[in-house]
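*Asks:* Structure incoming, see below.
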Amino acid sequence: MNVPEYPETRFRYNFERVSFEPFFMSLTVSQLLDDAHRRLQAVSDSARLDSELLLARVLQRSRTWLHTWPEKPMTPAQQQAFATLLQRRLQGEPVAHILGEQDFWSLSLQISAATLIPRPDTERLVELALERIPPQANWSIADLGTGSGAIALALASECPAAQVLATDRDAAALAVAQHNAERLGLTNVRFVLADWLAALAPDSRFDLIASNPPYVCEADPHLAQGDVRFEPHHALAAGADGLAAIRTLVTQAPGHIRPGGWLLLEHGYDQGEAVRHLLHDAGFTEVADFIDYGGNPRVAVGRLPPG
């Protein structure tokens, strides 16, 4: 078919150059998504989802809207904006950093380069904590190394009668967590700049302490690959065997947990046995390990003897 030439109105989407070249038509939603999906498969295990999230941000629409209007033509400005975001993702930058937010539990959390990106498997820790907190209990809860505030804010939202303390040693991360609490209207959380429990009063006691500490070995080659390259190293790595932070927590926690109280720790898929031994050696009872949504050991739990 012969198509009349109108150079001033013809555009072509060029992902590699992040620019436009003369062509005969603009691309539709489905065409943009299909091409982006194909390109992102080399760098992402969730290429289709990534594509949809980025285009939804450009258009200020929901992903449902994208599915409803697949043949909607995109303007040159929209295509250029999408190309810019896509190029960042192709270079390995996480979608959560590009968008500045990440969903966790029932919450939408703002994140930054100072915070770890909340993972779905950490929601398993929240579930296990909620199973141990009685309904309407005014428990005192601590989330150590809170980062974006994911664990603390999820528990605070589900347990309005509880008082939640969130600590982090990084002031920038703590500011993000505090901002998230304000955005979500959660007033039963307070924030303390502290390296685990070190800055707390010696008589501080909690009914439950939870933490997703760093637990990756310093020499793990994955730290130099993929999305984690963009996340704070200190929030990921913890010594030669990845257990340095967990050892500190297990050592400090008994002095700050009430009799009968709980300690919940996220850990690496191959660290369950080692963490259980640490909990037993520190005097915890009812020690158990629970799997994540992928079937891997992920959360160790221990309880101080009552009374």
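Even glycines carry a Cβ here, placed using N, Cα and C.
According to TrEMBL, the feature domain 'Release factor glutamine methyltransferase N-terminal' maps to 31-100. The annotation domain 'Methyltransferase small' is assigned in TrEMBL to 128-218. According to TrEMBL, the S-adenosyl-L-methionine binding site annotation covers GLY145, THR146, GLY147, SER148, GLY149, ASP168, TRP196, ASN212. Per TrEMBL, the feature substrate binding site maps to ASN212, PRO213, PRO214, TYR215.
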*Asks:* If you average pLDDT over the domain 'Release factor glutamine methyltransferase N-terminal' (31-100), what do you get?
*Replies:* 95
*Asks:* How many helix, strand and coil residues does the domain 'Methyltransferase small' (128-218) contain under DSSP?
*Replies:* 28 helix, 23 strand, 40 coil
*Asks:* Closest of the binding-site residues to TYR215 (substrate binding site), Cα to Cα, picking from GLY147, SER148, GLY149?
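*Replies:* Going through GLY147, SER148, GLY149 one by one, the Cα closest to that of TYR215 (substrate binding site) is GLY147.
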*Asks:* Write down the Cα-Cα distance for PRO213 (substrate binding site) and TRP196 (S-adenosyl-L-methionine binding site), rounded and given in Å.
*Replies:* 9
*Asks:* Out of the binding-site residues listed (GLY145, THR146, SER148, GLY149), which are within 10 Å of PRO213 (substrate binding site), Cα to Cα?
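*Replies:* Of GLY145, THR146, SER148, GLY149, within range: GLY145, THR146.
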*Asks:* Between GLY145 (S-adenosyl-L-methionine binding site) and PRO214 (substrate binding site), what C-alpha distance do you get in Å?
*Replies:* 9
*Asks:* Can you count the other CB atoms that lie within 10 A of the CB of GLY147 (S-adenosyl-L-methionine binding site)?
*Replies:* 28
*Asks:* In the domain 'Release factor glutamine methyltransferase N-terminal' (31-100), how many residues does DSSP assign to helix, to strand and to coil?
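*Replies:* With helix first, then strand, then coil, the domain 'Release factor glutamine methyltransferase N-terminal' (31-100) has 49 helix, 1 strand, 20 coil.
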*Asks:* Taking the residues the record says bind S-adenosyl-L-methionine (GLY145, THR146, GLY147, SER148, GLY149, ASP168, TRP196, ASN212), how far apart in Å are the two Cα atoms that sit farthest from each other?
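*Replies:* The span, Cα to Cα at its widest, is 15 Å.
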*Asks:* For the C-alpha pair, I'd like the distance in angstrom between ASP168 (S-adenosyl-L-methionine binding site) and PRO214 (substrate binding site), rounded off.
*Replies:* 12
